[in-house]
């Protein structure tokens, strides 16, 4: 009975666990795993195919080859289970134990484990405080290590060469000291190590040392020693005495035809180890000469090294086909390794794949499934149903019936498939909408039919795409597929909350065509009582589709949640719109569709419908729209021919004008008036403008036609040109493509992004000549190459994002924090990109929002901003709102739903258990792939925007400046001398409506608070050069200006003015060595007082003379700008990657470390010394390279975090000096800029979620009374929790600073070592985890997938919560039950003994 209980307990124990710990295995542990020692290198007998005894496949050690049969076949079948055959020694059991049972090899000499030796930082090196080189010399028998110096003058752990060793022997004798070679020496040192003493010494040393390098080293060692003490790992276990042998079925040996064998590389590597080990054992028995034994030990060490990690040290061991053998490390790492190939990616049963075709008659939740496929996929259900209905007596009969395809099978199939959802998946699955559930309709043929409206979500088209079908088997799986994954339940895009079920292409074309209006049509002016009457009239041929008519319509109002008809009115409309109104759901205003319906209108319609109606109505409406769109696009017969591409008459004239302008500039260049760079920029500018003009002329010509109305007058109306209608409706093509068809192709880009200055003046209708065709090939080729290369990049970015966000799940409803981020409207130049209402929609307020200019509360703290609130916010003109954010959430594991806000894909507050980290990663990664493929479609036509050289405002209002430093020049205009200035325009409500950046050197024509009118020019600048402005009046002195050596003096042929040009450093002669040309500004009266110095780059032009007196605001020098490059996402995707990897840009901006007054100290040879004196009088010094332009002057007061020297921002500095909120705003803004450029809409919250994960770690500056070490990097939440405990105990708190980690680094630094190991650098992660005895509590999604459990998200989240609760309850119950049972058993035993 007790044994039974024991077995029962063991079985339970195996099933349920909450964490996985990894550590170093002791020799005893390895022996305890083992079922026997492998002593021979033989594998199997090549004649009998039986395993050799005590060999690598021995059945006695690893278990039987066949189920329940010993090797000699004495015992067969189940009745002898667990019997050990006395003849061959094999246990009779399942043959699958050959996948589980391990063996071992007793090593004749200890061997160091290569992971702990070579995986950086070397654990052995750290622990023994020796360099890796020294340890290797000992290990590979090149030097002796003193393990016990005795009373000699030798030092512990001293290295001795052979010569030194023998000298020491002669001097001291061999009893006085001990020195050894090989792993044995290392093992001795490690086993003698007393970790507690070592830790105490290290603590003392770190307190006493002044050297930063030593402190770092001590802290590193202390961390390792502490973790060894805490984990119970012994250091000497890093040296192996016993080597475990992998179960044979994990390193199989398969006989091929012709007497050959296919074998796993591991068998070869094990054979080498066993051979060398046996040879060494024999040599030791024979007492062979030391040198031979040493050599054999070294070879054994190398053999074990290559078994564990081949190629890590020295040359790889090659197989017979000249490729390196795959070692144990190779088996687990990389894409083909155990983690990514078998644990995270598994093949799926009950699946099929086929080509997809369009199913225009399907409902949104349906797909067409070929009968042949369904028959195969639903086999088990069919067998069951055939048996239940009594059509087949056994499974065998059912199987025959299905194979012969008898008629009743098809009836059963219909019944089985009815309302049984299947999953459709299209690779690449970039976001969760790449797998959706549909109800199958059985169809003839072999292609899967897909509903056209879900193509957007799958990114599918019908040009040969394939899709896979999966069948959910269990009831629960079917239920989840139906409720969560059915296509009709996934109407919104999870990245932006916009509808994704939007009709496109032909459907849009049909709707657009039917809702266009035309004058002088049959039936014009008729009045219809309702839409059905209009439809009847149209179908009977009494009116045409585009005729202008009057229609009586009904308006609806919402009463008690239902739409009731309220008023009737007559509207002017067309027959087509009247027909379309028949499918409009009650409650949607007719005014929404009383226009030509383009793609945008349709998208808005679905959005409004989803927000005001129920989900079902929206889905039905989308379907109805699709059917109608297809019907009328077929009826319209829209197609196009070459005559539809109208070439504007004015084109030739425009091109001639442009050529003349280019010729003028060319002449100016040949006279030397302009530099080559300026000429190039101007030429590009002319052609860009001309291209735009031609395009505009073409659109005007193609977009309008003359029609004769009923009175015989001519009217210019929107054209019915096919090409125009396709582009205007948004069905096919764009104005950019039309421009190339019938305008001019314009400028082309070279593969490096620079623009070729000869444009293609022809279009595709005229045809290209040889030269133009050749220029075109550049862009076309770049498009294809880009697509191939960038898809991989984008996929890798998504993988890193998923990895960093995978363990972030909504775990509670509200964390109760008051923190949040301040949101403002997004304004770019003269247009509002996103209003404040849109930005805050679906977010929870972090504080009370007041009405403008009053104390009345408009939205209370903790309110979820709804659609109505969002509109109200815009109306009221509120400036900014503080909302809760994932970044500032206080939940321990995960995020609370209040900090996250709305679920983008559902439109209501997010539920507990949603995997927001993965959703965020998919939302950011999915468009990445699309963006990378963007270049390809426009065929490389250059998209250089015409150069902007001024700010012209669009609205009347008041101008305000931000961060503006300026000086007044002699014309009384302001000259800007700050680099991050902006001008904003506010309307009469005080709302900011426009915002522009102002470059350094710009001239401002309006004062702060000055009124401006629309179209006023308020700022202008030279777009082709960067000026250097004099900030004070004074005298100019040239330093190191030597004509012909450092500068050239040239004369402008037009103006006759002379100017200096720098000679590029690379081209200067030796005479220029040590000369650094610069301009000094000194006081006019006293040349000793230096006002400022300006270092000059090599491309500069100077229009001044030496000793010239100038006023403030004058231009000292001009630096020509870089040549125009096209803006393309190629720059965008790496930009996003750089932001998420938190990379420091080269020459990044320098920020002020503290608030205070600036002064300049004595400078060194290459650096300037900047001194900031704060209010307490403390001075902080900063050293800045001399070639950096410094934007501050002596005596200026500046704020912490201000920019001293311009450049790309460094996110680490922003976090350190300006805080988490500033960093969050910076990353969100920069990432959004890249995506917005491509017209992709992503919600800010997804980017915030990733930033939260990047901010997981902190650096401990002062450990206070905690157990942390100064300088240690640890989890933010752990520090917060420890601080709470310390505060309660009244102890000193930890002082820390937040760290920003790139997504790769953050993924590797996650608390879960399983997740990190499956991501990258597997061996390094596992080495670190095992030495520190890491415990993985299986919090994230990845770890749970790997150990084969439900993920703790969605329905799995509840499952794990329930499981934990049950576990706690069962422990208390089990203890009681066990106690009672034990009492009863004791009683029974006592009674039996008495009896």
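Cβ coordinates come from backbone N, Cα and C, glycine included.
According to Swiss-Prot, the Zn(2+) 1 binding site annotation covers 70, 72, 85, 88. Residues annotated as Mg(2+) binding site in Swiss-Prot, with sequence analysis given as evidence: 461, 463, 465. The Zn(2+) 2 binding site feature in Swiss-Prot is assigned to 815, 889, 896, 899; the stated evidence is sequence analysis.
Same-chain neighbours of the Zn(2+) 1 site beyond 70, 72, 85, 88, judged by a C-beta within 8 angstroms of the site's C-beta center, are, in sequence order, 59, 71, 73, 74, 75, 87, 89, 90.
Apart from 815, 889, 896, 899, the residues listed for Zn(2+) 2, the same chain places the Cβ atoms of 812, 814, 817, 884, 886, 888, 890, 891, 895, 897, 898, 900 within 8 Å of the centroid of those Cβ atoms. Using Cα positions, the member of the binding-site residues 70, 72, 88 nearest to residue 896 (Zn(2+) 2 binding site) is identified as 70. Look at the binding-site residues 85, 88 and count other Cβ atoms within 10 Å of each Cβ; 88 has the fewest. Around residue 70 (Zn(2+) 1 binding site), the C-beta neighbours below 8 angstroms that are at least 6 residues distant in the chain are 59, 64, 76, 85, 87, 88, 90, 91, 92. Neighbour density for residue 815 (Zn(2+) 2 binding site): within 10 A of its CB lie 19 other CB atoms from the protein chains shown. Other residues of the same chain near the Mg(2+) site, with their Cβ within 8 Å of the Cβ centroid of 461, 463, 465, are 356, 460, 462, 464.
In this structure, the binding-site residues under consideration are 896, 899, and the one with the smallest number of other Cβ atoms within 10 Å of its Cβ is 896. With every protein chain in view, the residue among the binding-site residues 72, 889 whose Cβ has the most Cβ partners within 10 Å turns out to be 889.
Taking only the Cα positions, the spacing between residue 899 (Zn(2+) 2 binding site) and residue 72 (Zn(2+) 1 binding site) is 68 angstrom. Take the binding-site residues 461, 463: by the count of other Cβ atoms within 10 Å of each Cβ, the lowest one is 463. Under the three-state DSSP scheme, residue 85 (Zn(2+) 1 binding site) falls in the coil class. Long-range Cβ contacts of residue 465 (Mg(2+) binding site) within its own chain (separation 6+, distance under 8 Å): 355, 356, 426.
In the three-state DSSP reading, residue 896 (Zn(2+) 2 binding site) counts as strand. Note on proximity: among 72, 461, 463, the binding-site residues of the record, the Cα nearest residue 889 (Zn(2+) 2 binding site) is that of 461. On a Cα basis, residue 72 (Zn(2+) 1 binding site) lies 61 Å away from residue 463 (Mg(2+) binding site).
Under DSSP, residue 889 (Zn(2+) 2 binding site) is assigned to coil, being neither helix nor strand in the three-state scheme. Residue 461 (Mg(2+) binding site) and residue 815 (Zn(2+) 2 binding site) have their C-alpha atoms 45 Å apart, to the nearest angstrom. Note: the Cα of residue 72 (Zn(2+) 1 binding site) and the Cα of residue 815 (Zn(2+) 2 binding site) are spaced 67 Å from each other.
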